Each structure stands twice: as C-alpha cells, then as structure tokens.
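Here's the structure, in structure tokens; my notes come after.
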Amino acid sequence: MLIHEISENEKPREKLQNYGIEALSSSELVALIIETGTKNESVLTIANRIIMKFKNVGEMQYASIEEFQLVNGIGIAKASKIMAAIELGRRIGIVTEQEEVVVRCPEDAVKLVMPELAFLFQEHFHCLFLNTKNQVIYRQTIFVGGLNASIVHPREVFRLALRKSAASIMCFHNHPSGDPTPSSEDLLVTKRLAEAGNIVGITLLDHIIIGKNKYISLKEKGYF
C-alpha cells in the first residue's frame, strides 16, 4: 500500500497532530524520520521492515549505519536520519539521567554508563565528575582506543576535574570482548590515576570495567 492510499487520519503526521506522539507505533515514528518511501513501496512499509529487522526497538541503538542500509529502501540519507534520531535520544537520556544523580555505590554509576559503553566496538575511557554530595556534575569520554598507560594520562583527566570543580571522579572503560576482567595495563592506569588524585586532592572513587551486561569494580576488588 502506498502512502496516498492510506486515509488521512491514519497517516503518521496527521495521526500525531490529532492524537499526540504517544499514539504512534514504532513503525510510524520511523516513518516520520525517514519521511519518504520509494516508487513501489510506502514509507510505512519500509519503516515496518526496519522494525522487523531487529529483535526490539532497543536493539536499533547498537546498529551501524551500514546495517540500516542493508534494509531494502534505505540508503545513506535515510540511514543517517535514523542514526541522528537515535543519537539525539541517547544524548537527551544522558542529560536526563545525569540531573541530580547521586552515586552511592558502583551499581548506581554503572546504571548511568552501561547503556552507553557496553556495546561499543572500541575501548572508551569515560569519567563521571562528582561534587561533595556525590552528585554527578559532569561526564565525558576522555580517550578512545586501546587503554594503556601511555595514552591515558592523569593530567588530562584531572585537568578537566579541576576545571569542573569536582571533589571526586569515577572512571570507566569498556572491554569490547564483553569480558570485564582487568588487564595489567588496566591496573597500572588505575594506580597512576589514584596517585595523581591524592596529589591534587580529587579522590578516585572507583575505576569500573564494563563488559556486556556485567562489570568489575576495581575498588571493590581491592586493586587500589
């Protein structure tokens, strides 16, 4: 069925205007993002094909632009729009979660970063910056690539911590393999960060390694 064959009230844009965004199905939301179909297929048909490709809508956030382009009817332009919408939603979610979040234990912090780090294909070194009440005041990815002591320099981490007037920091990095077991380099980086924090008066509360749906707290394991 082509889009002009659908009744006006059932078209995604008109449905949104009449009933609100919550009334739209996931396929209809995707249809609004990609905007147009092809000569032979409606935008809703293509959008539904995208939804069916993944086990659930949440899986879309881990797809690459190339994976979206494997769907018949999706080229680079439409795939880019989908990726942009997903990334915008992710960033909004980060800001919302960050507001007045108090970190009382490693699990609190992991809930904040796990969605972002668990399924990345490269190692990312990420920091949370906290105030004296252990509230998250800022977060940032500091390094991307293999974690080693020559790349992760405490100077870069604590320069930002001082700029944000942080009282303490929590560091994270992911293991793309999914296994959060620390390497010797992980432990060396942690030791250097803890020592630098003691010098500048900003405590390293923890260094947590993120795997696929699991993590290891180096503080809890007694590594520093």
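Each Cβ is built from the backbone N, Cα and C atoms, and glycine gets one as well.
Listed in Swiss-Prot:
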DOMAIN    102-224  domain 'MPN'
BINDING   His173, His175, Asp186  Zn(2+) binding site
MOTIF     173-186  motif 'JAMM motif'
Since the record lists His173, His175 as binding-site residues, which of them has the fewest other Cβ atoms within 10 Å of its Cβ? His175
For Asp186 (Zn(2+) binding site), what is the tally of other C-beta atoms lying within 10 angstroms of its C-beta? 22
For the domain 'MPN' (102-224), what are the DSSP-based totals of helix, strand and coil residues? 39 helix, 36 strand, 48 coil
Check the domain 'MPN' (102-224) for me and report the mean pLDDT. 92
